[in-house]
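Peer 1: Got these off Swiss-Prot a minute ago, pasting:
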BINDING   Gly555, Glu556, Thr557, Gly558, Ser559, Gly560, Lys561, Thr562  ATP binding site
COMPBIAS  222-239  compositional bias 'Polar residues'
COMPBIAS  300-310  compositional bias 'Acidic residues'
MOD_RES   Ser56  phosphoserine
MOD_RES   Thr117  phosphothreonine
MOD_RES   Ser199  phosphoserine
MOD_RES   Ser224  phosphoserine
MOD_RES   Ser1194  phosphoserine
MOTIF     652-655  motif 'DEAH box'
Amino acid sequence: MEDSGEDASLHRLEGTDVDSQVGGLIFKTKSAASEQHVFKAPAPRPSLLGLDLLASLKRKEREEKDDGEDKKKSRISSYKDWEESKDDQRDAEAEDSDQAGRSGRKDRHYRSARVETPSHPGGVSEEFWERSRQRERERREHGVYASSKDEKDRKKERSRDRDCDRKRDRDERDRSRHSGRSERDGGSDRSSRRNEPESPRHRPKDAATPSRSTWEEEDSGYGSSRRSQWESPSPTPSYRDSERSHRPSSRDRDRSVRSRYSDDTPLPTPSYKYNEWADDRRHLGSTPRLSRGRGRREDGEEGISFDTEEERQQWEDDQRQADRDWYMMDEGYDEFHNPLAYSSDDYVRRREQHLHKQKQKRISAQRRQINEDNERWETNRMLTSGVVHRLEVDEDFEEDSAAKVHLMVHNLVPPFLDGRIVFTKQPEPVIPVKDATSDLAIIARKGSQTVRKHREQKERKKAQHKHWELAGTKLGDIMGVKKEEEPDKSLTEDGKVDYRTEQKFADHMKKKSEASSEFAKKKSILEQRQYLPIFAVQQELLTIIRDNSIVIVVGETGSGKTTQLTQYLHEDGYTDYGMIGCTQPRRVAAMSVAKRVSEEMGGNLGEEVGYAIRFEDCTSESTLIKYMTDGILLRESLREADLDHYSAIIMDEAHERSLNTDVLFGLLREVVARRSDLKLIVTSATMDAEKFASFFGNVPIFHIPGRTFPVDILFSKTPQEDYVEAAVKQSLQVHLSGAPGDILIFMPGQEDIEVTSDQIVEHLEELENAPALAVLPIYSQLPSDLQAKIFQKAPDGVRKCIVATNIAETSLTVDGIMFVIDSGYCKLKVFNPRIGMDALQIYPISQANANQRSGRAGRTGPGQCFRLYTQSAYKNELLTTTVPEIQRTNLANVVLLLKSLGVQDLLQFHFMDPPPEDNMLNSMYQLWILGALDNTGGLTSTGRLMVEFPLDPALSKMLIVSCDMGCSSEILLIVSMLSVPAIFYRPKGREEESDQIREKFAVPESDHLSYLNVYLQWKNNNYSTIWCNDHFIHAKAMRKVREVRAQLKDIMVQQRMSLASCGTDWDIVRKCICAAYFHQAAKLKGIGEYVNIRTGMPCHLHPTSSLFGMGYTPDYIVYHELVMTTKEYMQCVTAVDGEWLAELGPMFYSVKQAGKSRQENRRRAKEEASAMEEEMALAEEQLRARRQEQEKRSPLGSVRSTKIYTPGRKEQGEPMTPRRTPARFGL
């Protein structure tokens, strides 16, 4: 290259002097002092001590020794080396002539390099370039061959070539220095030696740095010049490929510009640089390719030459060091080639800390836990196998691992449930749908779109900020405007909660009901009674009743069965020997019928005629006719097995087949067998009377003919997708048509009823001059004063529209109803064995239900029934009768009740329709788990207490255990909160705000404790409705919780159970919850995912749970229920300890102890099983003995003496005929 005057050190990256300054970029200024210093070779001086002679002597000895060894063995060498050796021989003369002319080199005059032009680009001809490439290809095709050529000759020849190379290298360095100066001074001459073989020192100038490389050549530099500031002990390998040294001129020009900088940043070699398939241009500064010798090149050009032996030796050492560096490099970096090697310690330390933080962030908590678990498992396996021994014990145990409890799971089944005893005759579960793919079934599953839309709007309206209200704002506070609290009706004057106020009907039923229909207005009560179909067959009916203990009475709806039968029996003298009881499936029905009968008899409600429902007993000592729900009669049978207070019992609306009705059938059948004086009358509206008759032993069936008024039934032409919308349209059409008479709409549930009522009112408001309509909803949760409204007469000129559940199907006689709109759906309680709970779901009604509903329209005049489903759906998609409740609900409470009534063998109990085997076994297993049944299936003392609570058995158990643990006050609140469906609501548009407020109540260990916290906060805020609305809590639900709590507290007081508080020690509360729900326990698996310990079923924390996202994931939890949505979500979760599970649920869990072997555990399990077998054998013997005793006694007649007179009966000391003939004796 030509000289150029500009300083080579200008704008160049310098290495950092570690001792003097901190790392950074340095721009040197132009000055004479900043010229790069060039070290000149010192003049050769002979050693004073003669060390140079000694060194040459040693070298000669080593060479002779090497010659001796090499003669003894042949060598395997490559074809390339053989070619090199031939070249070496050919070039031997060149070396001698070179050495001879070295002294006169200064006097020689070399031809100056020719300037490159586009027509004369320099370099060799294209023909030579092609020949060279051909030779290269041939050489690569050859393999490896054996050669015994003398190694010593080759070594000598090679070293001579290396001396030549080194000499030329030094010359070129000098030239490059001069050319650099000349370029800076403005000279534009190019070197004509571009295509000559380049020395190892010269090559790195072509290596691209990130600042200079093109996109193609990025990151391809390898080493730097040895004379740069970043000094490297290993030289960069030489690239002497003919392919590399003969580039097209444009590329060469580009490289010449880049190569003026002698110092390049060393870069790591990416892995792709080594590959065969990589682009050849990428070999710019990367891994060296195959070297083809150091002597004279094949094309005759001069190779590397060395001036002295020291230079040759130095060059060989450099090559060896380069190889060593290369193989010892880690990812292309080492201490010499690392551009950050000489950075300041402070910078390095900060960078390392930053990288360490990043590394910690990158690994997820889940991954870290998996790694730890794997490591522990591997260590454990190695220690167990005995391959290794632990030398050091880590005494600094992690806190969580020290406290971790491992549970072993057993599946213990008591002998009475292991299959040897059969409890039911119905093996398969019963599904309450005829065809799950039918239109009605699909629409029932989807629900109403109108209801969904209405719910969202209501929540949005409730949650929106009422900015127009001054109360609660700063301006309102200044003006003295305060928020008005809704008056709380359930609070008495002394501030206590009276939960019975909303459930009492007697106060609202005092007023005499006024007639609304023309029929009722024109006729007196006596005339109305005589008009009923039952009046025509009164005497026949009484005769059959007199002759038979059990009678089935079948009559269509409106025939007068419910109201007249009790009065006829009373008039016939049955009330002289005891009360006449009449059971109804629902509370409203019992209350309304009692009111009607009391009016017909001309007395006040609660005197001669009274009713008894849950929370309210409207009877007195003078009561002769008592209407009640079937649950009340069932409770009375607990206290008095033979029902001695009653002379006759009427089981009304038996076709409803409620759970309590079916149990009563079985019980009363036994009671009638024991009491020959008791009369049992079963009434039904449907024609399925043969089933009842055969159940009671082929008893007579009495039919009451005819219905009072005809009913016209109209079906829908097409299936209705949205039953609420269709019902609203139909009701408005009927109302606006102007025909007289009230409307009754049947809807599945409370929400549907409320939405339908609102929609009708909204649509009427949109119409001008629409006739007045009073919309009255009725469902079981409605306060009694509103329920009583439907029986009161509407103002003149106002039509009534009653929207009801199937509560209005039976016994509910509302005067004046002419139009019935039947949606075709109802809500049924169905047991889900998977979660072990009952759920209310919408299902299509049965044909029997449909007939009952249409019958409502013909009570007081001719009517119409609009069915919102097609005639084919009625025939093909509806079941004939409803599936009995006993076949679709949880039987735990029924089993408890039957056991408490003394029924030992459930297979012997007479069910009209036996419950499915799965349901029965599930219920009994659950009761055994909770300790209500012992190992033989007998009732325990805990079970006897559980019967008294109208709760799920698990909740009853929780209450009972809480008295022993001393936290009954807190558990009472939690149980009350769990018995109410939803406490919080999330309005659309304010979900995040709602969630944030909800989080304030969260107790991180338990959702149950969060509920407790909510109630206590509400109590501290004086049961405020405003507080509830501010915190997105249903105020109505909280009031319901307070009522349930008061009711349960009364039962606890009756049972003499202590009410105590544990204060702030809520761990006891968690343990108490664990005692009731240990069978629904789950253990941690991964992050946020749990699996049921017993079944292995995956369970996930619900996002609304207090434990979700709290950063606290306990190893063991128990949950209240499992809800299936997109995942299996647990609802109401509480963290528990592993020891609690083992202590409270020993039939499932035991703590894994290191000392105990598997054999010991197996032996213990065998002992437990044999102990249970002995108990079972003893129980079977006792049961056998009890049966034999019963067989010895006479099964006929009553055990006790009867006091009721019957025709033909003779008392001792009396004449054969009674003193007087009864007034109504005979036909």
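Backbone N, Cα and C define each Cβ position, glycine as well.
Values in this document were obtained by computation on a predicted structure and should not be read as measured data.
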Peer 1: Here are some binding-site residues: Gly555, Gly558, Gly560. Which one has the most Cβ atoms within 10 Å of its Cβ?
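Peer 2: Of the binding-site residues Gly555, Gly558, Gly560, the most buried by Cβ count within 10 Å is Gly555.
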Peer 1: Quick one: among the recorded positions Ser56, Thr562, which has the most Cβ atoms sitting within 10 Å of its own Cβ?
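Peer 2: When each Cβ's neighbours within 10 Å are tallied, Thr562 tops the list.
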Peer 1: Could you please provide the mean pLDDT value for the motif 'DEAH box' (652-655)?
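Peer 2: Result for the motif 'DEAH box' (652-655): average pLDDT 84.
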Peer 1: Can you break down the motif 'DEAH box' (652-655) into helix, strand and coil residue counts using DSSP?
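Peer 2: Per DSSP, the residues of the motif 'DEAH box' (652-655) fall into 2 helix, 0 strand, 2 coil.
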Peer 1: Looking at the binding-site residues listed here (Gly555, Thr557, Ser559, Lys561, Thr562), whose Cα lies nearest to that of Ser56 (phosphoserine)?
Peer 2: Thr557
Peer 1: Tell me, by DSSP, whether Lys561 (ATP binding site) is helix, strand or coil?
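Peer 2: DSSP assigns Lys561 (ATP binding site) to helix.
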Peer 1: Measure from the Cβ of Ser559 (ATP binding site) and count the other Cβ atoms within 10 Å, all protein chains considered.
Peer 2: 24
Peer 1: Ranking the binding-site residues Glu556, Thr557, Lys561 by other Cβ atoms within 10 Å, which is at the bottom?
Peer 2: Glu556
Peer 1: Which three-state DSSP class does Gly555 (ATP binding site) fall into?
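Peer 2: Looking at the DSSP assignment, Gly555 (ATP binding site) belongs to a strand.
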Peer 1: Look up Ser56 (phosphoserine) in the DSSP assignment and report helix, strand or coil.
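Peer 2: The three-state answer is helix.
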